[in-house]
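Enquirer: Have a look at this one.
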Amino acid sequence: MRLAILGGIAVTPERVIEDAGILIDEDGRISFVDTREQLEECEDWEDEIELGEKDVIMPGLINTHTHGPMTLFRGVADDMPLMKWLREEIWPLEERLDAEKCRWGAALAAMEALKSGTTCLADMYFFMDAVAEAYAEVGIRAVISHGMIDLGEEDKREEELKESKRVYRKCQGMEGLIEFSLGPHAPYTCSEELLKEVRRLADEWGVKIQIHVAETEDEVKEVKRKHGKRPVEYLDEIGLLGDDVIAAHCVWLDDKEIEILSKRGVIVSHNPISNMKLASGISPVPEMLERGVNVTIGTDGCASNNNLDMLEEIKVAALLHKVNKMDPSATEMLEILRMATVRAGTVFSSEKIGAIEEGYAADLVVLDGSSPRLNPNHNPISNIVYSASGSDVKHVFVAGELVVKNGKLVKADEQEILENSTECAEQLTSS
C-alpha cells in the first residue's frame, strides 16, 4: 500500500520544501519527494497522513555509537574518569547481566531513541541476539555487535569469537531492520590475533566492524607502550581499517592518524557529551571534516551520557567546537545535521538511509510545529540543530511503518517496557 505524507516543511537535508508531498512505496522506500502540489499532479496512493502546516519532517537521526542495554545503568556511576568508571562500577555490574536484562534494557533504549527522533542505532554490547529481537519488536533499525575483549588470552579470544559467530547465525533471517557487525572493543583490550581474525571474518561475511578508538590519552599511551605506534597507526598497520569500520570517539588523534582515517574511509562516531562527561577530551572534528573524514554522531551508552536524545547530541556537537576553537563558524549547522543523517547512513549496508530522497528507506521523523521551541521558524535547519528537543517528536516512521504516533510507541507497550526494565535495573544494583 502506497502512503502519502502531505504538508509540513520537509528538510531533506539538502533541500527545504514547504507544503511537502512525500510518497512511500510498498517496500517502505521513498518514491517521490517534492511539494504537495507536484505529488497530487503526478502520483496516486492508497493512504495518507496530513501534517500540520508548521510540522517539520526530517530524516530519522542515526546514532552511530551506543550500548543500548546500558539504559539499566543510567545514573549509577557519575562524575568519574573513564578507567575508574569502567573498572570499579561498570564492569562489575556487567558481570551480572543476562539475556533477559539486556533484552529489556534494549527495549527501553529503543523506546527512548524512537520517541526522541532516532531511527537507527549502531550498538555494541552483550547478549546481542536478545538485543536484536527487542529492537525489531519495538521497531527500530540497528547494526548490532557483540563486544569482544580477550586481553591477549587465547581461551578468552576463542570464547568471544564463538559468541560473535553464534549471534551472527541468530541474526540471519531476522527482518531487514537488523544487521550484524563485529565488535572488537578497543585496541588496548583486544589482541592483534583477535583484531586480524575480525578483519578476516568481516571480509568473509561482508559485515561492518565497530570499535572504540583513541577515547582517552591513557589509551594512546598504552597502545604505544604495547605496539610502538598510536592506535590508528597500529590498526592500519595490521590491516583492520577500511570503509566498513565504525570507529567510536577518535578523541586523541594526530595529523597522521587523521590522514589515515580519511584515506581508509573510516566512519568516525563523534560522542561529544560522553567525552565531556568523562573528561576524555575533545575530538578534532573540524580538522577531520576538513580532510574528508566521514564524521558522524553518537551518544555512547546511557551510563556516560545519560540519555539517547540525538537532538541534544547534535546541538552539543555544534556548540562544543565553536567554543573550543573560539570560532562561531568552526562547525556549521547543515554539516552537523548531515553528520547525524546522510553521513551516518553509511553504517547500514542493505538500505540507503539518512535522507528524504527517492530510493532511500522511509525512516522519517516529524517534529511538532506547535512546539514553542520551533517557533518562529525562520530557518528549519537552525531550529532542528539549535532549538529542538527530543520531546518535540510527534511521529516516527521506520521503513515506511509508523512506529511512533503522537509521541507514543505503536508496536510495543510502553508501560510493560518501563516496568520490566526498572525491575531488571533494580536486580542489577541490589546488593
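Each residue, glycine too, has its Cβ placed from N, Cα and C.
The Zn(2+) binding site feature in Swiss-Prot is assigned to H65, H67, H212, D300. Per Swiss-Prot, the feature substrate binding site maps to E94, H185, E215, D300.
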Enquirer: What three-state class does DSSP give E94 (substrate binding site)?
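Expert: Once the DSSP labels are grouped into three classes, E94 (substrate binding site) ends up as helix.
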Enquirer: What does DSSP call H185 (substrate binding site) in the simple three-state scheme?
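Expert: Its secondary structure by DSSP: coil.
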Enquirer: Which value in Å gives the longest Cα to Cα span across the substrate site residues E94, H185, E215, D300 as recorded?
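Expert: With E94, H185, E215, D300 as the binding residues for substrate, the largest Cα distance is 20 Å.
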Enquirer: Return the single residue from the binding-site residues list (E94, E215, D300) that has the minimum number of other CB atoms within 10 Å.
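Expert: Candidates: the binding-site residues E94, E215, D300. Fewest Cβ atoms within 10 Å: E94.
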Enquirer: Taking only same-chain residues 6+ apart in sequence, whose CB is under 8 Å from that of H67 (Zn(2+) binding site), what do you get?
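Expert: Same-chain residues close to H67 (Zn(2+) binding site) (Cβ under 8 Å, separated by 6 or more) are D123, M124, Y125, G147, D300, G301, C302, A303.
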Enquirer: Where H65 (Zn(2+) binding site) and E94 (substrate binding site) are concerned, what is their Cα separation in Å, rounded?
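Expert: If we compare the Cα positions of H65 (Zn(2+) binding site) and E94 (substrate binding site), the gap is 18 Å.
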Enquirer: Excluding H65, H67, H212, D300, please set out which residues of the same chain place their CB within 8 Å of the center of the CB atoms of the Zn(2+) site, keeping sequence order.
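Expert: Neighbours found: T66, M124, A248, H249, S269, N271, S274, G298, G301.
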